[in-house]
Amino acid sequence: MATIVRQKGLAPIEETSEVKSFLKERGIDYDHWKVPYNAADLTDKEILADVEKEELLKKLDDRFETLKEKEGYQSRDLIVLHPNVSGLNDMLAKFDRVHYHTDEEVRYIVDGSGVFGFVLKGEKFLVHVVKDDFISVPRNTNHWFYLDDKKRIKAVRYFRDMSGWVPNYVEETNSLD
């Protein structure tokens, strides 16, 4: 389950209902979707071949079909990051700066973990996401992302239109201080 980390001196938020409420009040959609048991053979592997990525996506297609019908998403892919990915640090450097997109950034974490940071109306906070977490960052929301110390994540990315996913960087620090 996700954990919210706020400014120093404020306790983290760990209870699922409180996490949902905190994020909902800020316009961020969050849910906890259990990864199907029949996907464990693929989610447990560190490295996936392209054919295995597609197989895993198909095992998760019930979520995609629901999002297509309710939210208009048109495509999805699976990003698999781990310490052995060539150029991992360069890839991550694109996302750990504060930026926004003109479309939602929608992720379903099916293995591993990472951290989204947000700047909303002068408030900064982190959302540590883990397996089974679903998060939708609203369009035009200043945020950043980085992997936690485990440096491992598998996430389904859902898109309405790929052109809306280009990062637009802003002059803002990603520090909670």
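Yeah, the Cβs are placed from backbone N, Cα and C, and that goes for glycine too.
According to Swiss-Prot, the feature Fe(2+) binding site maps to H99, H101, E105, H143, an assignment based on sequence analysis. Taken residue by residue with DSSP, H101 (Fe(2+) binding site) is part of neither helix nor strand, so it is coil.
If you draw a 10 Å sphere around the CB of H101 (Fe(2+) binding site), it holds 18 other CB atoms from the protein chains shown. Sequence annotations record features per position, and here Swiss-Prot assigns Ni(2+) binding site to H99, H101, E105, H143.
For R107 (site 'Important to generate the dianion'), other Cβ atoms within 10 Å of its Cβ number 21. Here Swiss-Prot flags R107 as site 'Important to generate the dianion'.
R107 (site 'Important to generate the dianion') is 16 Å away from H99 (Fe(2+) binding site) when you measure Cα to Cα. The DSSP secondary structure for R107 (site 'Important to generate the dianion') is strand. In the three-state DSSP classification, H143 (Fe(2+) binding site) falls within a strand. Remark: H143 (Fe(2+) binding site) has V98, H99, Y100, E105, F116, G117, F118, V119, V137 as non-local neighbours, by Cβ distance under 8 Å and separation of at least 6 in sequence.
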